[in-house]
Amino acid sequence: MGNTKTKDRQYQSNSSQPTNTSAPVLLRRQAEPSLYGRHNCRCCWFADTNLVNCSNHYLCLKCLNTMLRRSNLCDICGEELPTTIIVPVEPSAPLPGQ
């Protein structure tokens with residue numbers, strides 16, 4: 001009776017979900033050093049390499065994938081998780097002449 005309007009609103013809100021338009025994020029092999037020491041993954045506090053910047057903290061790739069399986073929002077800060085990652089090309093050997 002009166003619940004049909006709420007069901008219609010629920011279906012309309014689900015169909016108008018915005019698509020993911022997050023900007024590409026740079027993968028950091030090692031986080032930038034700061035005044036307060038090394039940066040670690042804010043979720044597991046173990047990983048300190050291959051970190052991705054999420055709003056105001058870093059996440060390792062394992063924790064990022066785990067969070068993306070559950071939803072597109074970060075469990076720590078509530079912001080949208082990065083889904084596009086740019087991997088920088090780093091030389092595997094020293095440049096000639098160095």
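Placed from the backbone N, Cα and C atoms, the Cβ positions cover glycine too.
Annotated by Swiss-Prot as motif 'PTAP/PSAP motif', the relevant range among 27-30, 55-58, 91-94, 95-98 is 91-94. Summarised by DSSP class, the composition of the motif 'PTAP/PSAP motif' (91-94) is 0 helix, 0 strand, 4 coil.
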